[in-house]
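Annotations for this protein, taken from Swiss-Prot, read as follows:
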COMPBIAS  98-114  compositional bias 'Basic and acidic residues'
REGION    98-275  region 'Disordered'
COMPBIAS  130-147  compositional bias 'Basic and acidic residues'
COMPBIAS  172-182  compositional bias 'Polar residues'
COMPBIAS  184-213  compositional bias 'Basic and acidic residues'
COMPBIAS  214-231  compositional bias 'Basic residues'
COMPBIAS  232-266  compositional bias 'Basic and acidic residues'
ZN_FING   327-355  zinc finger
COMPBIAS  375-428  compositional bias 'Pro residues'
REGION    375-443  region 'Disordered'
COMPBIAS  434-443  compositional bias 'Low complexity'
DOMAIN    581-655  domain 'RRM 1'
COILED    771-873  coiled coil
DOMAIN    942-1011  domain 'RRM 2'
REGION    1010-1059  region 'Disordered'
COMPBIAS  1019-1031  compositional bias 'Acidic residues'
COMPBIAS  1040-1052  compositional bias 'Acidic residues'
Amino acid sequence: MIIEDFEALKHWLSKTLEPICDADPSALAKYVLALVKKDKSDRELNALCIDQLDVFLQKETQGFVDKLFDAINTKSYLPQPDSTSTAVVKLDSFEHQEKEIKKDEVNKEEEKEKKAPRRLNQSPQPSSTRHKDTRENRKRSNSDRESNSIQNSFRSGLPEQKQDVDAAPPRLNSNKVQNAKNTRSRDDRKRDDRFRKREYDRNVPRRDSYRDRYNRRRGRSRSYSRSRSRSWSKERQRDRDRSRSRTRSRDKDSGKPKFDLDRPDPVDNSYASGSSVPHIGSAHFPVPTLSSTITVITPSHHGNSSAENWPEFHEDQVDHSSYGRLQMQKKRCRDYDEKGFCMRGDMCPFDHGSDPVVVEDVNLPGILPFPAPPPVLEGPPPPGLPPPPSLLTPPPVNLQPPPVPPPGPLPPSLPPVTGPPPPLPPLQPAGMDAPPNSATSSVPTVVTTGILHPPPVPPSSLFPSAAAAAGPIPLFPETYEADGYNPEAPSMTTTSRPLYRHRVHAQRPNLIGLTSGDMDLPTPREKNNMRIVVDSESRKRNLGSGDCVLPSKKPWFDKSNFNNRMNPGFQKKPLFPNENTKLELRRIPPELNNISKLNEHFSKFGTIVNLQVAYKGDPEGALIQFATHGEAKKAISSTEAVLNNRFIRMYWHREGSSQQLQTPGLPKVVHLTVPQQPNLSVMKQSIKERLGPVPANNSEPSVAQNINTETTQNIAKVPVKERLGYMSKTVSAATEKVFSTSTGLTKTVYNPAALKAMQKSVLYPICNDNGDAQKKKQEALKLQQDVRKKKQEILEKRIETQKILISKLEKNKNMKSEDKAEILKTLETLTNSITKLRDELKAVSSTGNVVKNNKSKAQMQKELLDTELDLYNKIQAGDDVTELRKKYTELQLDAAKRGILSSGRGRGVHLRGRGVIRGRGRVLHGRGRGASVHAVVDHRPRALKISGFTEGDREYLLPHFAHFGEIEDCQIDDSSLHAIITFKTRAEAEAAAVHGAQFKGQDLKLAWNKPVPNASSTEVEDADQEEEEFHEDSIVDDSLLQDDDEEEEDDNESRSWRR
């Protein structure tokens, strides 16, 4: 069936089904719509609908289906357009509403006008004409506001005429609305603005960005200019009204309560000019002591101000980076990505990702310093800056005081309490926009006045340890400059702050997981955007002569790399010298990692001097050296994929890169070469650990012990290579005590992933030496192999010549005696040389075997574990592992033969208690108290013949049986698919026979493999066995009797341990 509008039909169906059906009408409407959509004839659809809907509608089914098909055919389900009539009705109702609202507003204004003379009794020259003008203005504003509300409601009532935000509203034909719109005055618009601002201040959480407000104000100012240009007489009238109302508002403000100044009266319709700011600034307001310095939002929040109030507030003073978060995405921080940390911390203008680790490190060496604040006099603001908004408005009333810290001893890292806390430093000037930062401060927005008043001294009961702290001689000089009050590290001093010193962020220390996307940092420093950062170094406490925990540091400015743009800690690029000609390849598939393939690809870029496959023992690595740097650069900058494989990585090869990566600015994790400089472990501390009372001097060793234990726990897991003794030197990690204070502004952001890479490079600087040694070994082996090949060739040639000479002698029997003697002499020398060469070759091969056999158990185990790890990683990555699995099986067999795959890795047979396993007269005792077992040669078979496994399971067979004991030998026949595994002892072979039959869900066929002995040896063995059996039985009987005596003695002993 043809349906024009599915949504309309669905709406009609749900409306029709609601009275006749108990089910959900909307769901049933969807179901009916699905039935009607089917590609069938009308008759079939009718029958189908009746059949399917009978369950839901029962008696109403036939009527509903007829009605449905009739509606679809006649299209009566489509909505009928009757917008013109509804519009007319709505317009009439709006006009009626407008009259009622106008009456109410006029009554309210008259009541306010009666009250106005009482408040204006201090004005110098009240006049009746002024009241008349203001009444006329109010009436005009009321009519204008009502016309606006009519337009808005009319626009929302017509869905067909929805328009964009920037589009003009639809024009009404009503003369009344048009006249009201034309007569709208600037004063009434300003009152609307103030009303909107007041609503904005009440709903603080839903604050929009400064740009939105600024654009909105600009849009309104454009409309003002349009309306202003329409009439010269209106402009003159407006100027007269403005001058009158300005004097009236000044008088009115003087009589207001002090906290109502930021809420202007509705009748105030004037703009405060820039010249009026200093007069208002003379008012004094009490400053509540709050817990942190806060940033001011914008001057547009305050009642008496708007964009025109601030003549010095220009576009170029606004820091667009702080609020234009969508206009340009931040670039990634190079230091954070490459080195693993950024010493600028949350003051870095670049992106540190979604979850950086932020650590407060005021006293850490290598932190990027910031210049000390310039000397500032307490007085008016700098000439370039507009007056701070703190001179205009007092703090909002709705703020609550900060939480008081609990009573208890102060941390010793804080200075002694000698007076009341310093007043809050003033905040950012009005020209700088800083939105509220929920990630960095937990205190609500505060505006403070510019005049410093010492706040009242807090009650001494809150800080009982204040007197005790001030009692002894202070360790720190009085020049220490205290920070603003911080509830997490409270401190009180009498030193006051300079008036116009601004803090960019007031952050709690050691915040972990700060999102740098939430930090809106002002990056470009333009004309009057002055950012003064306090140097944390100047506020550090200087230790006394008696305390020698921290060494005296060299000042930042004396260091050679201070403020040096060529500092290697902040290089933009890793510098590769122009003479570098080596390229390193990684992730090459093993089948492509051969000399011919690599030479074929890289020879097109230039002359290859050296080519190494399986570089540094990595089967997927290679090293290629070109003749010149240009050729290497051409190869690395080529867009063509290496061997047509995009997964192959190519790098510049750097000699000794692991030592070069460590820079002076790095927090050194482990030092192998310079043990004098202590390393710093990155520790996560809780708030209690940071703020809790630290014991005095006598507890320093215990603190150092705790730090040592934490360091050992925090060091990354020891890799397999190091566990197996691969590292020749032990890593000694010294720790340094770090005193963390909350007064610093610098924070270091750590990137754990990059730091791991750095730790690897620092932990293994010996790898280069090992690589050189391996190179030398490989070269020596190559030479040996070449010599051996040449000797083999010489040997073969001499054997051939010997054969030729012998055949010549046999054929030419009538040869002369002289020739025959010469040939015999030559044959003799040939045989001597051949035997000599054979001996030499045997010696070389035997020494090679000795070297192979001399592999230590640890090396074998390391190699096996490395291969197992590579196999696991490749299986996880989905790569081809056939070659690697073969190598792993060979290593397993070799390890099993040497007894490395011992029973300790799996289930073994353990004897305990008083059980006896007896066979052929031999007894193994397993008494719980460790009685010695008599060792006897066991001639029973230790080899198992295994069959019944598939070809795919052949590789896993050896590891399966290696769990039961040490394997001496393993022979797997590929053709008949049976294996013979020989265990070291009979007991292990029996355990494998009992428990090893189940393999991968199938039963293996196991049998003892008995070797066929010689007849002579069997007779001798039988005789020996008889003697052994007789001798052993007597020994066993004696030992058994002895054990019985011991048991009797045990029975007589006291059983106190059993209770």
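Easy rule for this one: first residue shown is 1, then count along the chain.
Placed from the backbone N, Cα and C atoms, the Cβ positions cover glycine too.
Quick caveat, the model's predicted, so the values are computed rather than measured.
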Mind checking how the zinc finger (327-355) divides into helix, strand and coil residues in DSSP?
8 helix, 4 strand, 17 coil
DSSP helix, strand and coil counts for the domain 'RRM 2' (942-1011)?
19 helix, 26 strand, 25 coil
Quick one: average pLDDT across the coiled coil (771-873), no decimals.
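Reported value for the coiled coil (771-873) is a mean pLDDT of 82.
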Looking only at the domain 'RRM 1' (581-655), what are its DSSP counts of helix, strand and coil residues?
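Its residues divide into 22 helix, 20 strand, 33 coil.
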